[in-house]
Amino acid sequence: MKAGIVVFPGTNRERDMAIALKRVTGQAPAMLWHRDTTLPKLDLIVLPGGFSHGDYLRCGAMAAHAPLMAEVRAFAAAGGHILGVCNGFQILTEAQILPGALLRNANLRFLSQDCHLRVERADTAFTRLWAKGDVFRTPMAHGDGNYVADPATIERLEGEGRVAFRYARPDGTVAADDQAHNPNGSLNAIAGVFSENLRICGMMPHPEDLVDPLMGGEDGKPLFAGLVEALGR
Amino acid sequence: MSNAGQKTVDEALAREFGLTADEYGNVLSIMGRTPSLTELGIFSVMWSEHCSYKSSRVWLKTLPTTAPWVIHGPGENAGVVDIGQGLAAIFKMESHNHPSFIEPYQGAATGVGGILRDVFTMGARPVANLNALRFGDPANPQTRRIVDGVVRGVGGYGNCVGVPTVGGEVNFHPSYDGNPLVNAMTVGVARQDRIFLSAAAGLGNPVIYVGSSTGRDGIHGATMSSSEFDEDALAKRPTVQVGDPFVEKLLIEACLELMATDAIVAIQDMGAAGLTSSSVEMAGKGGVGIDLDLDAVPQRERGMSAYEMMLSESQERMLMVLRPDRTDVARTIFEKWELEFAVIGHLTDTGRIVVRHKGAVEADIPLAPLADQAPLYHRPTAPSPAPAPLGPVTDPVGTERALMHLIGSPDIASRAWVYNQYDSTVGGQTVRRPGSADAAIVKIDDTSIGLALTTDCTPRYCRADARTGGAQAVAEAWRNITATGARPLAVTDNLNFGNPEKPEVMGQFAAAIEGMGDACRALDFPVVSGNVSLYNETRTPDGTTTAILPTPAIGGLGVLEDVSQAIGYGMQDDCDLILVGETRGELGQSLWLREIHGREDGAPPVVDLAAERANGDFVRAHILGGDIVACHDVSDGGVLVGLAEMVMAGGVGCTLVAPQSGMRPEAFWFGEDQARYIVAVRKGETFLSAAQAAGIAARPLGESGGDGLTLPQGGTISIARLRSAHEAFFPALMDR
Amino acid sequence: MKVRVTVMLKDGVLDPQGKAIAHALHVLDFGSVGEVRAGRVIELEIAETDADKARAQGDAMARALLANLVIEDFTVEVVA
Amino acid sequence: MKVRVTVMLKDGVLDPQGKAIAHALHVLDFGSVGEVRAGRVIELEIAETDADKARAQGDAMARALLANLVIEDFTVEVVA
Ligand SMILES: Nc1ncnc2c1ncn2[C@@H]1O[C@H](COP(=O)(O)OP(=O)(O)O)[C@@H](O)[C@H]1O
Ligand SMILES: [Mg+2]
């Protein structure tokens, strides 16, 4: 699997992502600069976390207009696999590659803590090493992770099975109005969504920061290992 | 010479700028004429307490600063120590106390930004931030606003630049009501052969300005932070500096990219007194002259005068001297990162700083006397009376109630509300996050090395006995590092005190430094960088001045060759619990005394540095040997609070045995005797005999297991109950 | 000319900031406050002397960047 | 009544957000844009029928909470 990580001015979790990808693929991903206008041949594009353009105006708004995003869009249209994490998810929604938007956390504070995610379907490249209903722990670190979309969009996402992950209690139960376990107040406790073709996944938490027992566990590793399985080493 | 300002320069103006009559007299004799406004501005900031350390220098010189592993001690932008494998840790702590009182968010944010620049200016990629915070009485309505702004500011800046905030401390005390303390620490890592210094060199070499443009921000910030607050302070404040962490992030990346080339001769961040202090210090250190052309300075506002540009404290700016043939390489890098890049001057052989603006020479000052004749004061010191020993005290509440009260009290309650607003995992190298070990542990990418980081100070001990308090702060930092298995290497400090012109404050300062020095020497734990913040006082409308508690905050750094050997304090199942170190049951100045009796008196616990060293070396050896699986140093609140913290962190309970015979339970459980550790070991007997053989005091405390903390007299407190008592304070104060 | 673009969350989109502000105002004893909505305002100097053209530019910038039309509405005024 | 409080950074105070927006607009080819300042707007429903009183309340709320007078200025309008 040849992966490329897009770096925008202000991106700050590209290194975490590179470490995680290298851990599972054995090879360093390509680092792509936002102003580039061509893509190398890739199996996976990752939009990593951080504060692209300082998160000024709206998180991800300015990055969504970066020159390289035209290539990312074309890559998506051609059926490529894209993972957007945290700011990367925000960029994908701002670029309208994924539906919905991410508002300020309900308590208006930046939240850096572990959360638990429930896997909503296991037949995608991102989730194939889990079973539907599995719960895994992952760090989150964001101020704007409160997922919203209009009712019609939500209905469609739910109906088409495009919710990738939900915030959950460790036992797998989901309670959208329980602030301890849906910490940012997301609609239907949505933590991540898929594109229609299930090849693009955006999520707020950071599985890439939990792929090493030294850092407290490997709970996030199946996501990356699954991608390698699906897209080839 | 033009005098861009409207003001006449005279002694009265000099005083307004914070210079004394004598100091102004000295300026006149150095200059041989009346200085221009810009020149007066330059003298006043360079000779301010903040830049010249005029009250503290004689005492700072007494601190030990060397060790075989110290690469650069105080004097550079940050301290540099050898951490093995050709790498160096570069670190420093700095205060932003006064700005944080005026505008808590921006004050704290720019504090973080400033200390980051001190570290990456030396070539290090910042790998961790810490922050030591002191706030006023939680019951004071101002406190909540300040806590909220400061915590948001620290997080807002650190999270955006993408440096994990991994530790720190928070205290509350009414003495900080009008004067919170915000001490920020940054730790970076560089290759030892790629460390950048600030001494300028090379006649004719270009002087380059990079980063943000210059506005009228914080003019006279340096002199303001060197005088005490009065009721007018809020009205007189200069334009508040606003931080731009996004630009800082770009600046880090651009500087590190440039530092991978051979373009840089010298580099220095523009901190307090911005362009003035950076240019004067770079030229001064290199023994060269410098010519600046202010027309070339990128400006954010129209019509700025030379005086304003030289004194502006606009953030996110750096000054560099480059090899002339590499200027274009540098320009290309800064353009890529969309940062200002301007050649604003060159080095000369005149030994003078010459500042030109709009065709006029606005300043022309000889650099040597500006530095050498900077004021230096041997301020009178008055010793504080020795605290009366604590007489007999009763225990009105019993062990269980005291424990529940203490773990929910402001100085012990869970800090999760604070550190959960800080991104502690960005970088993917955080091995121990806040709330899980006595020191945070950060791995160095691509190596097996781990850094152990902590900040510590117990100001109530310092007020009672500054010498003991100074030693205790160093000892606690050393102990916190040791408790993870790391080898303590060096410290940075942030000495926060009141008005040094008061002999009793100067006495506290001197005694605290003596205590720190004692401890640093005894523990081989030299001071490699630091910062002094004086005049932390508030003048109340009735004319009285109150100083803060003396607060010599210590930032400690240690190293683990193999980071996988680091341990935390989370309780592990099926262990014997052992207390290492001797217990005399010292309740003087303890939190038990304060929280249960409402008293802040008695002598602080004795700091026995020989015991500290022996106990710590013993514990560390047994952590690295794999015998100890969890370890917590005993500090605020004593042994029982320490045990409760272990239980909460690990989610595993424990059953305790009766305290030491002949000692009152409250003295055993809540005394704050130093040099002690609670360790969880698999084989208690073996460990105890090893301790005995080594001459180390150790006694069994009980064993781990279950889902509660069971006291010797039988009552069990569930982990859930402990946690709810521990976690209530901050949300109740802040999330109303 | 100076153009002001005001961006507000669409009706029906939950506004966490507005809600928090309302709560804080109630705590401060501003009991008469009902619903609160929070938004952004962006003031732009535009090198343009014709008010209609300036407004049109503001509109174009709002659509292109300043507002996220998935969740936000905007208005444009020429203020100077 | 509905009151709108607009909060802007004071002149001379660095506005990182405005700066970044201006830059982004230039990249998007809105070359005519000069200085950009970003601010906040808060719309409040107030249980009050007198416009002057509503405005006075908005003013009080701005001072108490909505604006940070150390670095920000505000204006209050009654909009409905
Ligand atoms: N201001 C802060 N920022 C980040 N972490 C903090 C802060 N204050 C406290 N912490 C963390 O909370 C935990 C408990 O703090 P404290 O009780 O002071 O620790 P200790 O007694 O072990 O020195 C530690 O992990 C500490 O690093
Ligand atoms: Mg401690």
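Cβ from N, Cα, C; glycine included.
Annotation comment: TrEMBL describes B:HIS96 as active site, proton acceptor. Annotation comment: TrEMBL describes B:GLU94, B:ASN531 as Mg(2+) 1 binding site. According to TrEMBL, the feature substrate binding site maps to B:SER95, B:HIS96, B:ASN97, B:HIS98, B:ARG117, B:GLN241, B:GLU313, B:SER314, B:GLN315, B:SER533. Positions annotated as Mg(2+) 2 binding site by TrEMBL: B:ASP118, B:ASP269. Residues or ranges marked as domain 'Phosphoribosylformylglycinamidine synthase linker' in TrEMBL: B:13-54. Residues annotated as domain 'PurM-like N-terminal' in TrEMBL: B:75-190, B:437-546. For B:204-357, B:576-707, the entry in TrEMBL reads domain 'PurM-like C-terminal'.
Comparison of B:13-54, B:75-190, B:204-357, B:576-707 by number of C-beta pairs under 8 angstroms to the domain 'PurM-like N-terminal' (B:437-546) places B:75-190 first. Most Cβ neighbours within 10 Å, among the binding-site residues B:SER95, B:ASN97, B:GLN315, B:ASN531: B:GLN315 holds that distinction in the structure as shown. Helix, strand and coil residue tallies for the domain 'PurM-like C-terminal' (B:576-707), in that order: 53 helix, 26 strand, 53 coil [DSSP]. The helix, strand and coil residue counts that DSSP assigns across the domain 'PurM-like N-terminal' (B:75-190) are 47 helix, 45 strand, 24 coil.
Spanning the residues B:SER95, B:HIS96, B:ASN97, B:HIS98, B:ARG117, B:GLN241, B:GLU313, B:SER314, B:GLN315, B:SER533 that the record associates with binding substrate, the maximal Cα-Cα distance equals 20 Å. One residue stands out among the recorded positions B:HIS96, B:ARG117 for having the most other Cβ atoms within 10 Å of its Cβ: B:HIS96. When the binding-site residues B:SER95, B:ASP118, B:GLN315 are screened for a C-alpha within 10 angstroms of the C-alpha of B:ASN531 (Mg(2+) 1 binding site), the residues that qualify, in sequence order, are B:SER95. Reduced to three states, the DSSP call for B:ASN531 (Mg(2+) 1 binding site) is strand.
For B:GLU313 (substrate binding site), the count of additional Cβ atoms within 10 Å of its Cβ stands at 30 [all protein chains shown].
In the three-state DSSP scheme, B:ASP269 (Mg(2+) 2 binding site) is classed as strand. A coil conformation is recorded for B:GLN315 (substrate binding site) in the three-state DSSP classification, outside any helix or strand.
Other Cβ atoms within 10 Å of the Cβ of B:GLU94 (Mg(2+) 1 binding site) number 26 in total over all chains. The 10 Å shell around the Cβ of B:ASP118 (Mg(2+) 2 binding site) contains 25 further Cβ atoms across the protein chains shown.
Comparing CA positions across the recorded positions B:GLU94, B:HIS96, B:ASP269, the one lying closest to B:ARG117 (substrate binding site) turns out to be B:ASP269. The 10 Å shell around the Cβ of B:ASP269 (Mg(2+) 2 binding site) contains 27 further Cβ atoms across the protein chains shown.
B:ASN97 (substrate binding site) sits 17 Å from B:ASP118 (Mg(2+) 2 binding site), counting Cα to Cα.
B:GLN315 (substrate binding site) has none of the recorded positions B:GLU94, B:HIS96, B:ASP118 nearby, counting only those with a Cα within 10 angstroms of its own Cα. Averaged over the domain 'Phosphoribosylformylglycinamidine synthase linker' (B:13-54), the predicted model reaches a pLDDT of 95. Break the domain 'PurM-like N-terminal' (B:437-546) down by DSSP state and the numbers are 44 helix, 33 strand, 33 coil.
The subset of recorded positions (B:SER95, B:HIS96, B:GLU313) lying with their Cα within 10 Å of the Cα of B:ASP118 (Mg(2+) 2 binding site) is empty, i.e. none.
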